[in-house]
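S.K.: I have a structure here, written as structure tokens, and I will follow up with some questions on it.
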Amino acid sequence: MNTFNQTPLSNQSLKITMQTQPPKQQDISINSNIKIEDDRTGMSLETLKRAFQDNLFYLQGKDSSNATLRDYYYALAYTVRDRLLHRFIKTSRTYQEQDVKVVSYLSAEFLMGRHLANNLLSLEMYDKMSQVVKDFDVDIEDLIEEEPDPGLGNGGLGRLAACFLDSLANLEMPAIGYGIRYEFGIFRQVLRDGWQGEVPDNWLMYGNPWEIARPEDTVEVGLGGHTEAHHDENGDYRVCWIPERKVKAIPYDTPVPGYKTNTANSLRLWKAEASQEFNFEAFNAGNYDRAVAEKMSSETISKVLYPNDNTPQGKELRLAQQYFFVAASLQDLIRIHLHKHPSLDNFCEKSAIQLNDTHPAVAVAELMRLLIDEHDIYWDKAWDITQKTLAYTNHTLMPEALERWSVSLFGKLLPRHLEIIYELNHRFLENVRVWFPDDDNLASQLSIIEEGGEKKVRMANLACVGSHAINGVAALHTSLLKKDTLKHFAKLWPEKFFNKTNGVTPRRWILMSNPKLAKLVTEKIGEDWLKDLDQMRGIEKYIDDPEFRQRWLAIKQENKAHLAAYIKKTRNIDVDVNSIFDVQVKRIHEYKRQHLAVLGIINLYNRIKQNPNTEVVPRTFIFGGKAAPGYFMAKLVIKLINSVAEVVNSDPDVKGRIKVVFLPNFSVSLGQKIYPAADLSEQVSTAGKEASGTGNMKFAMNGALTIGTLDGANIEIREEAGAENFFLFGLTAEEVYAKKSEGYDPMEYYQHNPELRNVINRIAKGHFSYGDEKLFKPIVDSLLYQDPYMLLADYQEYVDCQDRVSEAYQDREKWTKMSIINSARMGKFSSDRTIREYCKEIWGVEPMKIEIDAYSQ
Ligand SMILES: *Cc1c(COP(=O)(O)O)cnc(C)c1O
């Protein structure tokens with residue numbers, strides 16, 4: 001534990017008023033006519049100071065004589081939260097009263113990042129609170145660092161959900177996020193001898209001031225059991241599901257404020273609890289163990305986030321998690337709807353539900369079940385409501401990443417849902433055979449059930465059939481979905497397909513992470529760009545202003561110096577702030593090709609070893625990212641990066657001109673330090689594999705240039721920035737497909753390219769593993785004998801492209817111009833633009849202004 005946390009921070013000025021006595025109701029002068037009691041959540045400096053002091057005393061039980069940094073963090077967080085609550089309560093009341101259509105964003109992951117700074121900025125409290133805490137001898141930035149980063153997601157998909165919630169609130173859209181309140185988020189990554197180690201992320205240990213439990217909205221979710229059919233008094237066929245067990249779902253709400261608006265939407269996360277504290281039968285029979293075990297097994301459901309990214313594992317608990325949060329969220333939505341309306345007939349007019357990937361796709365079957373079995377609606381009507389309500393976002397083209405559950409596992413956990421899926425599949429395929437009578441293959445491709453071998457439920461097919469809109473997340477991705485992954489659905493329903501290119505929020509990813517840059521931009525073009533990123537174009541006219549360029553460059557250098565200090569502190573590596581900060585941070589995955597960058601580094605190293613006096617433009621290669629704990633190759637890539645780092649960083653011939661750094665535990669908060677400090681953004685996935693990418697957008701907004709393939713949103717980033725401001729290399733998606741079908745042989749590249757051969761041989765001969773030729777053999781063999789992600793095919797172009805980068809960086813004026821242009825032209829990649837498109841074209845929701853009266857303000 002950080003000893004600093006435990007050291008009380010004494011404070012002169014406060015000792016007078018606060019020893020062991022509660023703060024007195026002292027003479028706080030308020031110049032308005034609001035009474036002191038009414039001004040509890042006021043924004044005057046005096047009131048804020050008083051509130052901070054009260055929270056420290058009454059909630060933390062501390063005063064300035066014994067408060068730790070953590071105590072101050074909580075006091076500050078509660079001070080901010082109190083001021084969020086008016087907005088939060090008023091927002092949900094307004095949606096209810098106005099009976100507006102609300103979008104529900106269902107996602108198994110929300111990678112929100114820390115809340116404090118975001119909320120301070122949204123509420124325009126940052127400067128005042130910074131002043132307040134300064135009176136206690138505390139730096140607000142240190143308090144911001146005290147907050148545990150809520151890591152309830154794996155990577156891009158979870159972070160997208162968080163950016164979307166931010167944009168929805170910013171645009172004053174009626175919206176709610178639904179997900180799981182994992183007790184343990186994504187593991188904390190540590191390095192042990194260059195290998196990834198995983199440590200549990202106990203983020204709730206000291207309590208979470210940003211959430212509010214709503215036990216009164218608890219619902220029950222059934223699991224397992226069997227079904228019983230009968231005909232009711234009207235002669236209608238009815239089915240009753242008798243679950244084997246029931247789990248309580250308790251909602252916890254986190255307010256999500258819009259930037260400088262009154263809107264504060266809700267992120268509602270469900271916690272699983274046993275429906276009874278104990279099985280009293282077992283308990284009374286003296287079977288205490290079993291009574292406790294049952295309670296524990298219910299609570300396991302929301303215990304931990306599965307740390308896989310783009311690789312589903314088919315575990316029963318995972319399906320239970322998915323069903324758990326979907327069932328709880330749908331019950332919640334139906335309860336709210338029936339509060340205002342006599343029936344669910346108009347449900348789709350008041351509710352739009354977005355499925356973030358197939359993780360919540362069981363919603364198709366659950367909504368049908370609720371409508372038919374629980375709310376007595378006939379099948380056809382229920383199906384109409386379901387399809388009109390749901391929409392599905394696909395996030396991957398890789399067939400192995402599409403979720404498929406074995407029918408036996410699915411039926412064991414969700415017997416009624418399996419019946420519904422069979423029934424709707426039957427009806428669907430009957431239509432398909434009518435529409436396309438001669439195409440048996442089409443029906444088998446479209447079927448929700450995969451036959452042949454073990455039967456599987458194809459969740460992507462379920463989502464497609466049950467939704468009125470299907471979208472990809474970048475132009476290339478959507479076009480490949482239509483051409484390949486979901487081509488049969490595109491043939492059936494071309495009108496259901498949409499592209500919604502991803503975006504990221506400029507509030508977190510520029511304003512919060514790069515405040516100096518934000519200040520410079522605001523100084524030049526005013527502050528509206530934060531709500532309308534297209535306005536960033538306005539800075540382009542300053543590229544010929546040497547003073548502006550100088551300031552732009554100076555900010556980049558300061559950000560690099562900050563990161564360099566962090567690198568020194570955490571890894572004890574000295575890096576040169578004048579070197580190119582060449583950064584690749586993202587989940588470690590073979591398709592993302594971190595090892596391609598490693599091959600490039602080894603090649604540079606080889607050049608130096610061959611001729612130590614060779615000209616080298618200094619570079620710092622920075623890597624970060626987690627590997628799924630069960631993904632052996634990804635973990636070996638981390639070991640390789642660290643092994644290469646060890647050799648390169650200490651080789652006297654290198655003379656410090658190249659450094660390699662792996663920063664452990666990449667997360668939203670670490671990203672906020674890294675993206676603004678990058679000169680070069682590595683986006684080198686095999687073309688056709690990265691659905692969109694969003695890291696690429698964060699880098700470019702912060703003035704990094706991209707070296708990248710024509711993949712995902714890279715293509716659109718290059719279109720916006722201009723080809724001359726982007727370092728392009730590599731095969732196109734079409735060329736990748738063509739090469740694969742011709743029969744790709746990586747060995748040919750190895751044999752015909754001596755430099756590449758030397759690079760691979762260095763690894764194979766144990767140069768980075770103390771002579772151990774076995775350690776990295778799996779990587780070497782994979783590259784030479786399969787190379788499924790075609791690193792060797794792209795190798796030479798990558799190396800040549802990196803040489804062009806080095807050359808370009810030597811002209812710093814030119815480089816800075818390109819950097820400014822990149823930032824200026826990223827308006828398209830604000831998630832505000834993405835969300836506007838979803839609202840208009842998929843959800844049909846409109847903004848709703850929230851009025852805050854003088855009292856609550
Ligand atoms: C943006 C982000 C990602 C996604 O990065 P990609 O480069 O698009 O894969 C992953 N993790 C975190 C913490 C992020 O902030």
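Cβ atoms are placed via backbone N, Cα and C, with glycine included.
Pulled the feature table from TrEMBL, pasting it below:
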type: DOMAIN; residues: 183-252; note: domain 'Integrase-type'
type: MOD_RES; residues: K698; note: N6-(pyridoxal phosphate)lysine
type: REGION; residues: 1-22; note: region 'Disordered'
S.K.: Write out how many residues of the domain 'Integrase-type' (183-252) are helix, how many strand and how many coil, based on DSSP.
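M.R.: Summed over the domain 'Integrase-type' (183-252), the classes give 3 helix, 38 strand, 29 coil.
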S.K.: Which whole number is the mean pLDDT over the domain 'Integrase-type' (183-252)?
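M.R.: The predicted confidence over the domain 'Integrase-type' (183-252), as a mean pLDDT, is 97.
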S.K.: Return the residues near the residue listed as 'N6-(pyridoxal phosphate)lysine', defined as same-chain residues 6+ apart in sequence whose C-beta is under 8 angstroms from its C-beta, sorted by sequence, else 'none'.
M.R.: V504, W509, G671, Y675
S.K.: Provide the three-state secondary structure of K698 (N6-(pyridoxal phosphate)lysine) computed with DSSP.
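M.R.: Once the DSSP labels are grouped into three classes, K698 (N6-(pyridoxal phosphate)lysine) ends up as helix.
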